[in-house]
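Got a structure here, written out as structure tokens. Questions coming.
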Ligand code: HEM
């Protein structure tokens, strides 16, 4: 026994050195290396964003001022939102995509591999610059720094006039964010060009994941430049003294620009998860995707319609009712393609011979939370409901059911599924399953409790609240902490697989032996 | 260290660790135990802050003292079919969850906070206290490392959030760790059933020679003294240090670190001291009893400054060595009646804890003086035994 433990430690150490040396080669431009880096970086950012979330929930545990001052709470939700959206979700989604895309579309390498690598290397400075204010503040707190940069408290939406205040922290946040935006834009261009011009697989035989990611990348190409410009205008106002976004009209200009980006961004985030679901559910249900054509068309429909819904984020800001009504109609319309997909997934499951491997478990969880998040969202599309619940925890709960329940679950499903492709190993099922069940419980308790708080009318973005909400808040925190420790298990499963996992082989999910075609596993 | 020596050390460590693997289970279980232990110190103080009447705090402390030994529970749990290690830990997690909810769910629902804590205690207590099982971490890092780390982690949270918010956060983290530990699986640790028989014990005790009887009396008196203020020791220290309860919790957390380290250090050298000769045993016991007598007075009398309290807690830590020796003496004397004696003693300690709580309500200092007096009686009784 002791010999095997020493052997275990020795081989773990060798693997660790090998993994680090291979991963940190900045000159490597092959798609798999860069993809590995993106996924690893995204996961790191995701954990960092999770610690922000834990800090938020720790504060909300008690009604009065708890462990942090109010400004720190505001700083945490700002870094949380920015980190999760720009440095976790998109890098992981596109990292997984660029890892498998060449095999799925039948090419050796991505188009523009150098641009792809450059795009990745913009991310780490982006994240650290965006989060620098909090880090510097911490250093000042412990006396290692003689000056203070207050962390920005503007939220991920960056609305002026708040974001126009003279405050070096906001400058850093904006610069970091623009690096992140540029990175995503470049990666999306690489994906679009690879699929459209390099592809050797005919359109008709293109798999549904590639279709979905093509649309997501297309959305990035059209929407991220708008965000980049809005950030540039903000920076110009701040640094060069221009007044593009200054009151009285400026803020509304920004809000429109922001949500013209912001709503497609929602689909940029959710489409990769949808793509994973459409791709994996048939593989583990032993059936073809039901209505693949309608799934692809619905994806294209989302691509178009998502540019027509930005106004629904402005319902509560006094837009002309006729304009509001049209936005409401489009918003309800954009729910249709999502419903089509849900229908296709559930129908594919019907009478399938389900194999509840970890990726499939996460897919099923994602579908379930998608229904919850979707239903709570469609209710918000109705203007009267929006008036009532806008700015409450209802909204926070709604978008976390989607962001965590669907998007994180979907990406994790893809992560487990393609892990053998990225690393040659498989994560031990025991950890993956435990990770799944803890995450399910965590999401249900946390965001269920936040939904109840929202229905009770509790405003979001507040560090303190009336005592009656305290029990529900405590429940939410307990759930969130369970969700948090579940992610530690996730990390441990991965670290363990990297260090001492068994080789995954050529058919890690037993698809070939069941006669299921999966291009990424056939060399 | 030469290479082969290093490999040898690694191998022998690995050999001792191997039965406790997998590592994640050990780490998480240990983290749960230590987090629970660290936060639990502050429960009575928390109850006081949220306005629990003092006698009830005393009663709560008594209940705790009575319940905290797992063997008292085993028969009941076995009857309920809840005696598997998994069920015990699940009850522990449920208990901490109630403790997390109590302070916030109490006021709006109109239920007193102490009720939540008492019901939670029924779950926490059978779990069996903290860190008394050897595991891989104990093998490699010793018993002290985990509790100290947990207390050190708790300190900044207490400093930032104050007593209630800080301890609440600690409970919530503990509950989450407990859920994770449950998912990772629970190692089998069998707690033996005991079958106390009071009549046999009384019969036996009546035939005891005076010296042995004095030993048992010394033990009982000293523990009664500790029971009077034990549950309030941390709470009162915090109160003295801060203005009310606003400050001081973090200083006491650090003082507990000092005490834990002192206790760990003492235990390490204990066996070597005992090897020096048979005279070391009574010496150590007397030392422990003397600290039990003086510590309550010290908490009342020392200046309200962090070093003074850290010193007092350090002395209590060192005294753990003496108490262990005393307990060993008692166990040797009791033989097969050990479990009966312990069960009876646990019940006996409830009234003094309640009295302590009541006294604390009217005259806190008097409670501490009484505690010293009772422990003093125990000390005298022990001295009479050795003086013969
Ligand atoms: C690990 C589980 C998570 C928990 C417990 C959590 C919790 C929270 C909390 C408590 C807030 C602030 C609510 C308020 O006071 O308004 C928040 C805001 C937010 N979260 Fe999360 N979150 C989690 C994961 C995520 C993920 C994975 C994403 C994105 C992919 C995300 C995106 C956001 C955004 C965009 C905001 C709004 C920030 C703002 O108001 O500016 N969260 N989250």
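Residue positions begin at 1 at the first shown residue.
Placement of Cβ uses the backbone N, Cα and C atoms for every residue, glycine included.
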According to TrEMBL, which stretch among B:13-40, B:41-68 corresponds to the feature transmembrane segment?
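So the range that TrEMBL calls transmembrane segment is B:41-68.
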Considering only Cβ pairs under 8 Å, which range in B:41-68, B:113-130, B:221-239 makes the most contacts with the transmembrane segment (B:165-188)?
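The listed stretch sharing the most Cβ pairs with the transmembrane segment (B:165-188) is B:41-68.
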Any chance the transmembrane segment (B:41-68) and the transmembrane segment (B:221-239) have 3 or more Cβ pairs under 8 A, given the pairs are 6 or more apart in sequence?
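Judged by the Cβ rule, the two regions touch, with the required three close pairs present.
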With Cβ-Cβ distances below 8 Å as the criterion, list the same-chain residues six or more beyond the ends of the transmembrane segment (B:369-387) that contact it, or say none.
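The answer is 210-211, 214-215, 217-226, 228-229, 282, 285-286, 289-290, 292-294, 296-297, 300, 326, 352, 356, 359.
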